[in-house]
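As given in Swiss-Prot:
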type	residues	note
REGION	1-397	region 'Carboxyphosphate synthetic domain'
BINDING	Arg127, Arg167, Gly173, Gly174, Glu206, Val208, Glu213, Gly239, Ile240, His241, Gln282, Glu294	ATP 1 binding site
DOMAIN	131-323	domain 'ATP-grasp 1'
BINDING	Gln282, Glu294	Mg(2+) 1 binding site
BINDING	Gln282, Glu294	Mn(2+) 1 binding site
BINDING	Glu294, Asn296	Mg(2+) 2 binding site
BINDING	Glu294, Asn296	Mn(2+) 2 binding site
REGION	398-530	region 'Oligomerization domain'
REGION	531-920	region 'Carbamoyl phosphate synthetic domain'
DOMAIN	662-853	domain 'ATP-grasp 2'
BINDING	Arg698, Ser737, Leu739, Glu744, Gly769, Val770, His771, Ser772, Gln812, Glu824	ATP 2 binding site
BINDING	Gln812, Glu824	Mn(2+) 3 binding site
BINDING	Gln812, Glu824	Mg(2+) 3 binding site
BINDING	Glu824, Asn826	Mg(2+) 4 binding site
BINDING	Glu824, Asn826	Mn(2+) 4 binding site
DOMAIN	919-1056	domain 'MGS-like'
REGION	921-1056	region 'Allosteric domain'
Amino acid sequence: MPKKSHIKKVLIIGSGPIQIGQAAEFDFSGSQACRALREEGVEVVLVNSNPATIQTDPDTADVIYIEPLKAELIAKIIAKEKPDGILSGMGGQTGLNMTAELAEMGALEGVEILGTPLEAIYRGEDREQFRDLMNAIGEPVPRSMILEHMNQIDEAIREVGLPAIIRPAYTLGGSGGGVAHTPEEMRRICELGLARSRIHQVLVEESVAGWKEIEFEVMRDAADTCIIVCGMENVDPMGIHTGESVVVAPILTLRDDEFQTLRTAAIKIIRALDVQGGCNIQFAYKDGDYRIIEVNPRVSRSSALASKATGYPIARVAAKIAIGLRLDEIMNTVTGVTPASFEPAIDYVVVKVPRWPFDKFKSADRTLTTAMKSTGEVMAIGRTVEEAFKKALRSLDNDMQQHTNPSEIRMILTSPTDERFGCLFDAFREGFTVREIAELTAITPFFLEKIKNIVDLERKLETDFEPEDVRVARRSGFSDEDLLALTKKTAGEIEALGGTPTYKMVDTCAAEFPATTPYFYSTWEEGCELVRDSAKKVLILGSGPIRIGQGIEFDYCTVHAVMALREEEGIEVHIVNNNPETVSTDADTSDRLFFEPMQLEDVMNILKKDDYYGVMVQFGGQNSVNLAVPLEAEIRRLDLPTKILGTSPDAMDAAEDRDRFSRLLTRLEIPSPANSSAYSEEEAREMAGEIGYPVLVRPSYVLGGRAMELVHDEAELESYIKEAVRVSRKHPVLIDSFLQNAVEIDVDAVSDGTDVLIGGIMEHIEWAGVHSGDSACVIPPQSLTPSVIARVRDYTKKIALGLGVVGLINIQYAVRNDVVYVLEANPRASRTVPFVAKATGIALAKIAAKVMVGRKLADMGVAEPEIEHVAVKEVLLPFNKLPGVDTVLGPEMKSTGEVMGIDYDFGRAYYKACTAADNTLPTTGNVFISVTDEQKEELLPVARKLRELGLSLYGTSGTVDFLTQNGVEANLVRKVQEGSPNVIDAMRSGSIRLIINTPADKASRQDHIQIMRAAVDYGIPYITTLQAARAAAMAIDAIKREEITIEPLGHYHGLM
């Protein structure tokens, strides 16, 4: 079938910022789709708000817009670019929602919807239309009722019964949904679900909790050829969102006739929807009976997993199908000889385990339900289920608490939390049987037997074992670290037992055809498929699962390093990573991909298999950097012909070690806040007293400010120290003087050991004290004096050269009373590197990679950027997905993702950034303000400005009295505890359009938390710092005076 010859230009809508339910998988799929369409000569216009994506790179698409993903703005881009088609299925739920909205507002006249037709979007996303379609084609769905008004609750309970599952239409990651066991729960979940749904609709359906959950990834072309790319089976039963479940591929517990029944149904459904491209279909299955649960008529999170599990490039194939190609006309890039119409075959086991953020959010509700809470996931490949399970757990890279109390174990098994998968192992260790656990969890006994096999092996290794038992353990995924702990043998004795892992290839065809894209996993079988060669090779350590503090930004840096090194003649680039969502784990990103845990032992096994010129650790974030020192020690011990490239591990340690770094700053005559390191509680008390409260306390070697806190007195310090020491047992507690009312600055730079290139100086909107990852920031700085900027440049160069940095460095400063203080230096990639690249056009990560293999900055001819526009980075906070989380921003990071606003002045750029972060600032209506007594004087100019702009002010008694006394009109509204009607009632009614609420202290946080929770639930923009309120007033002022600019990114960089 010929390509659609009239499709010359296609618009792809990205998925926006990383958030719970929608992570890096859509950068992976969107980037793949852009490349696929450009291969076919189609011009690609891409719009996305997330600067930390590969798809927003200038060489991914022909025209790139970094703009808020709002239908009215995308409509302007469509009018300007005049695309022939729009590809909606690559941007996740956001892309589908935007396409539906654009169609409804008439913006798609003359624009063909490619791949997923509009009717399929409606039938897949509108719960009533989906149910009607399934009934029409004779496919069973759970008994259900559509609910659009709260007065239908009693009828829904009578019709469907309890427990019931609530599924809102057009939402992401099950947002706003849940399982209701009582009428009260039903009312609470339905109210939230209706508020979150784009069309104010929820489906209340009978619960099939406890049934098996099975997924099929299906592909279909215009000639009606359908294939199953991958079947996947959730270890967790129905009742837990698939994104929260442990997932196994291929399907292992269905008989062939059962599998064929579901396969036939999946193909029937994709045909009924008329989807041309990829589609994800979810089934509930029990004892020969099944129900259709959900259809995603787009590339999804499960698509990314299926793609990495099989090696089949789903997004690439779907994009080519969308412009008219048949499956048999599209080549499988992994084999290079088979068409995409061949169903993939796999001869190994893949396991996905989610990564949850509860190490950051101690107060969050950890219960797993139908709404997602995980931020990322890991994938492991093994020859057996046991091996894949063990490798997946190792890949999570977090401390799993062991449970020994049978009552506690029973509670976790019956009311699942993020601890349940690990607790299955604990249950067997404490003597639970397979039958008992199956009854408590509804998990298929097959998987429980595999976990029991692992625990039985542990017992054998702890007692009397034979060398053969060690070999069996290794084939079951046990690491050398596991073996040392269990056998109590020395490393030498374990090594003497012999054996090294072999590497097998993921090739989509179970070795039926040779693969041209080398994609490997380790196992302890015979026959290694990895071939040693003489090429000059570099191994880059990836960043692992997305978590708070370590997001897609580090994958961006990893991919840029690969791109840069592949431009250098004669360098072969290999990646090790375990995140199935990312571009770096796309099989054709690097010359060789290893899907492995990011542990010292696993990395060393790779290095021992081939001669590597060097290893790069600074692009994968703090976790990769933490491997630098032990990796170098092992390389030396084994006398391997490789080295850590770029900044030396000793220099990294000098930046992390507080005492060494302080001595360097003293020698360079650069100011820093008074600080010290304490190795005991007593030392900490003494040093905090000497420095003077308030102090900032944190463990050393942390990621994203983990366990960092602002401490005001000795009592707070004592309660904190226990937590900090537990988080980082091997390292001291760091105590810093807290600089109140200071402006914070971030700098990203590259050094080659001789020269330093400063890529960007970013001024934070929020003052020091809010974690840099949670603060909005702006390039170029808006309030810093030339003298301050000159000192920041000078200090950056001195520190980079003083540490001996070769590659990237990020330095954080605070400015108070015209003094520039250094807060910390990180000689590695930072989360702001992609933002700097998109704001300035300078690809720092690429430059750094070249410097690390010997290139000099002077030879590259890269000048420090000077820009005439303004770019603002704003963050996305996860409070709408994590009930119970404290919404107060502080020194510990909470955001999951970021967006960028770009325009020709600060006000409009900040307005765009807030809009992109789903915090759109109102230009009319009522603003509720509540601030501390200390902040009231600072509030006054902001309040006056908002009144000048025509907004009405509301507040509680203290704030209203102060404003009125100072000539600013304000209206009184009651506090929550003062009875109704109060501020929450006003928010619920829709009369409040913006919240400015800064909590005074821990005692006043309860009011703040209630107000902020209501703001999140009812979608009201909120501001928690006065600095952000000041910026918001500037943004509203700017937007009322002048329209925002809609221009391609290339225009800002002078490339178009």
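Each residue, glycine too, has its Cβ placed from N, Cα and C.
Feature map: Swiss-Prot annotations on the structure.
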| residue | record | DSSP class |
| --- | --- | --- |
| Arg127 | ATP 1 binding site | helix |
| Glu206 | ATP 1 binding site | strand |
| Ile240 | ATP 1 binding site | coil |
| Gln282 | ATP 1 binding site | strand |
| Glu294 | Mg(2+) 1 binding site | strand |
| Arg698 | ATP 2 binding site | strand |
| Leu739 | ATP 2 binding site | coil |
| Gly769 | ATP 2 binding site | coil |
| Asn826 | Mg(2+) 4 binding site | strand |
Which of Asn296, Asn826 (the binding-site residues) has the most other Cβ atoms within 10 Å?
-> Asn296
Measuring CA to CA, name the entry from the binding-site residues Arg698, Gln812, Glu824 that ends up nearest Ile240 (ATP 1 binding site).
-> Arg698
Using C-alpha atoms only, work out the spacing between His771 (ATP 2 binding site) and Asn826 (Mg(2+) 4 binding site) and round it to an integer in Å.
-> 15
Cβ packing number for Glu206 (ATP 1 binding site), 10 Å threshold | 18
Integer Cα-Cα distance in angstrom, Glu213 (ATP 1 binding site) to Gln812 (ATP 2 binding site) = 47
Can you count helix, strand and coil residues in the region 'Oligomerization domain' (398-530) using DSSP?
-> 68 helix, 11 strand, 54 coil
Average the per-residue pLDDT over the region 'Allosteric domain' (921-1056) and send me the rounded value.
-> 89
Sparsest-packed of the listed binding-site residues (Arg127, His771) - C-beta count within 10 angstroms | His771
Using Cα positions only, nearest of the binding-site residues to Glu824 (Mn(2+) 3 binding site) (Glu206, Gln282, Glu294, Asn296, Gly769) | Gly769
The rounded CA-CA distance in Å from Asn826 (Mg(2+) 4 binding site) to Gln812 (ATP 2 binding site) is 9
Per DSSP, how many helix, strand and coil residues does the domain 'MGS-like' (919-1056) have?
-> 71 helix, 21 strand, 46 coil
Check: min Cα-Cα distance from Leu739 (ATP 2 binding site) over binding-site residues Arg127, Glu206, Gln282, Glu294, Asn296 goes to Asn296
Secondary structure at Gln812 (ATP 2 binding site) (DSSP, helix/strand/coil)?
-> strand
Whole number in angstrom, please: the longest C-alpha to C-alpha distance across Arg698, Ser737, Leu739, Glu744, Gly769, Val770, His771, Ser772, Gln812, Glu824 for ATP 2.
-> 18
